[in-house]
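Shown next, in structure tokens, is the structure this report addresses.
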Amino acid sequence: MEKYIMSLDQGTTSSRCIIFNKKGEVVSVAQKEFTQIYPKAGWVEHDPLEIWGKQAGVAGEALNIARISPEQIAGIGITNQRETTVVWNKRTGMPIYNAIVWQCRRTAGYCDELREKGLDKTIKEKTGLMLDAYFSATKIKWILDNVEGARELAEKGDLLFGNIDTWLIWNMTKGKIHVTDYTNASRTMLFNIHELKWDEELLEILDIPKSMLPEVKPSSCVYGETDEILFGVSIPISGDAGDQQAALFGQTCFNAGMAKNTYGTGCFLLMNTGEKAVDSKNGLLTTIAVGIDGKVEYALEGSIFIGGAVIQWLRDELRMVKTAQETEKYATEVEDNNGVYLVPAFVGIGAPYWDSYARGTILGLTRGAKKEHIIRAALESMAYQTHDVLKAMEEDSGIELKALKVDGGACQNNFLMQFQSDILGVEVDRPEVVETTALGAAYLAGLAVGYWKDRNEISQNWAISRSFAPAMEDEKKEKLIKGWHKAVTKAMDWEDKE
């Protein structure tokens with residue numbers, strides 16, 4: 001009887017289930033979107049019960065599509081939108097509030113208060129993260145302080161916290177297992193990434209009872225088994241990692257200096273730094289890449305707020321293109337950018353600049369500038385931003401980038417990938433299987449149950465669909481990068497500070 005691995009990929013807008021075979025190929029996919037809740041400006045929530053319902057639904061659907069029985073699943077891997085926070089009553093199993101999503105800014109004011117007390121340095125040293133409303137810690141505190149009776153229940157030991165991975169595992173095991181992995185724990189702003197444990201001092205500062213927190217385990221191990229009510233049989237739950245870390249693993253970035261970029265709405269860059277937690281001097285995050293083989297490995301992470309979203313903007317707001325795919329055709333119809341630069345700082349600019357007062361700009365316009373030049377400049381902006389983050393990573397880690405592995409929607413744009421390679425001066429590799437996030441979770445699950453022997457076997461699965469080699473002269477490259485940095489300087493500090 002042929003065996004498979006099931007991957008549950010719980011994202012920000014949809015719940016998916018992908019089933020993989022031994023070669024790491026996709027056998028079936030099922031997906032359901034769920035509701036985005038916006039109670040106030042800047043607030044974002046999800047319904048945890050809806051997420052669990054949809055996730056269980058797509059798991060059954062993926063089995064049906066693949067025409068395989070639950071007995072053929074050797075293990076289940078979970079990957080999830082990181083930082084999103086669920087608090088529930090362990091006696092009833094019911095959430096006491098909606099899940100507060102990573103994008104939600106409601107606790108920004110409280111983060112400012114902590115910053116005024118000088119706690120940002122403590123938090124960075126212990127967790128590797130910047131003090132920000134993005135991470136789970138202040139979201140948990142908000143629920144405890146604002147939901148009636150929450151604090152009393154927490155003090156009594158009746159409340160549990162989890163990111164989405166923890167919430168799914170708890171439901172899949174009918175409340176038997178309250179667990180997370182090192183990668184997800186490292187995104188809570190409560191986990192000491194050097195000592196590998198929940199940090200007592202941070203829990204005290206934020207007034208969060210330790211009894212709420214899940215046990216932290218490796219990213220690849222058997223956490224427990226699914227309750228039989230779910231599939232009719234018990235299946236080991238054996239892999240767990242946050243989405244970006246899962247993608248790094250799925251791209252087989254197993255050695256220090258290997259990096260991947262996910263070109264989504266935003267771009268997420270992670271570089272493996274091995275067993276060394278590199279402290280960033282350039283505004284990058286230090287995070288746990290994976291917990292496996294009795295140790296943890298670390299990564300540097302840089303986020304680009306506006307990646308593929310700049311193409312959506314060209315399509316929906318400026319109506320320059322009908323589909324994202326058309327951008328490649330327009331970009332190649334002109335020889336160069338004609339001196340035009342587009343800095344997509346619509347919501348400020350992220351790593352390594354970190355200026356929330358920057359705003360979007362189009363610079364270098366002359367009478368000869370056409371729509372094609374603006375479209376080309378928009379695509380190029382993704383490559384320039386990626387270049388800036390990777391240079392910061394090289395500087396912090398002291399490791400020179402050899403090649404960049406890519407995934408996400410915009411990696412299908414051949415013009416962008418070639419330009420990315422030219423600007424970086426290294427090879428850009430697009431894999432055959434671009435479902436790298438789900439694949440990473442599947443690999444972690446499969447390793448724990450012996451479906452794959454080791455990372456060497458997995459590395460052999462990784463196949464290049466297309467490789468892009470740098471073909472631009474150094475002088476031209478330096479001139480373009482200089483122009484980009486000049487454009488970024490003009491975009492910065494634009495919005496008036498209140």
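Every residue gets a Cβ built from N, Cα and C, even glycine.
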Further binder of ADP named by Swiss-Prot next to Thr12, Arg16, Gly308, Gly409, Asn413, taken from the candidates Thr265, Thr273, Thr332, Thr366: Thr265
Site co-member for glycerol according to Swiss-Prot, given Arg82, Glu83, Asp243, Gln244, out of Tyr38, Tyr110, Tyr134, Tyr223: Tyr134
For Gly308 (ADP binding site): intrachain residues, at least 6 apart, with Cβ closer than 8 Å: Tyr263, Gly264, Thr265, Gly266, Cys267, Ala324, Met382, Gly408, Gly409, Ala410
Cβ neighbour count (within 10 Å, all chains shown) around Asn413 (ADP binding site): 21
By Cα-Cα distance, the member of binding-site residues Glu83, Tyr134, Asn413 nearest Gln244 (glycerol binding site): Glu83
DSSP three-state assignment for Gln312 (ATP binding site): helix
Env. residues of glycerol site, Cβ within 8 Å of mean position of Arg82, Glu83, Tyr134, Asp243, Gln244 Cβ: Gln81, Thr84, Trp102, Arg187, Gly242
Entry from the binding-site residues list Thr12, Tyr134, Asp243, Gln244, Thr265 having the most other CB atoms no farther than 10 A: Asp243
Spatial neighbours of Thr13 (ATP binding site) among the binding-site residues Arg82, Tyr134, Asp243, Asn413 [C-alpha, 10 Å]: none
